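Per Swiss-Prot, active site, proton donor is recorded for H20, and the stated evidence type is sequence analysis. Annotation source Swiss-Prot lists substrate binding site at D28, H98, Y120, S121, N122, citing sequence analysis.
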Amino acid sequence: MKKTGIINSEVSAVVANMGHMDWLSIGDAGMPVPFGTKKIDLAVDKELPSFMDVLNNVLKEMKVQKIYLAEEIKDQNPAQLENIKKALPDVEVAFMPHSELKKSLTKTHAFIRTGEMTPYSNIILESGVTF
């Protein structure tokens with residue numbers, strides 16, 4: 001049994017298999033996942049686990065060089081945007097319309113579904129390198 005880090009076997013495997021510039025997405029309970037995109041469903045109840053709990057745990061093991069967020073988060077969920085910026089203070093942020101973010105999920109290695117119930121709590125993480 002793993003002693004530290006992500007203990008969910010599917011999430012751990014996806015993070016371990018990431019290469020430079022690969023994408024991984026994490027999102028709220030309502031985000032539609034395109035057919036063909038691997039979905040890792042962690043949601044067990046409303047707000048359980050939260051988006052930020054999952055993001056913070058993934059960030060312990062994954063080097064991120066850029067993130068993609070929905071433009072709408074700026075007006076519709078500024079508190080969550082602030083949480084994300086605090087978790088990734090030195091990472092480039094790219095905004096796109098929510099409709100484009102949804103389409104971009106087809107390019108991610110997996111989508112991790114949380115129990116989050118706040119709007120636009122979705123992110124695409126672009127993997128960096130550790131050297």
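The chain as shown is numbered from 1 upward.
Just so it is clear, glycine is given a Cβ too, placed from its N, Cα and C backbone atoms.
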Cβ neighbour count within 10 Å of H20 (active site, proton donor): 12
Nearest recorded site to H20 (active site, proton donor) by CA-CA distance, among binding-site residues D28, H98, Y120, S121, N122: N122
Distant-in-sequence Cβ neighbours of H98 (substrate binding site), under 8 Å, six or more positions away: A70, E71, E72, Y120, N122
Cβ-centroid neighbourhood (8 Å) of the substrate site, D28, H98, Y120, S121, N122 excluded: G27, G30, M31, A70, E72, I73, N77, L101, E116, T118, P119, I123
Secondary-structure category, per DSSP, in which the residue listed as 'active site, proton donor' falls: coil
Maximum Cα-Cα separation in Å among residues D28, H98, Y120, S121, N122, which the record lists as binding substrate: 13
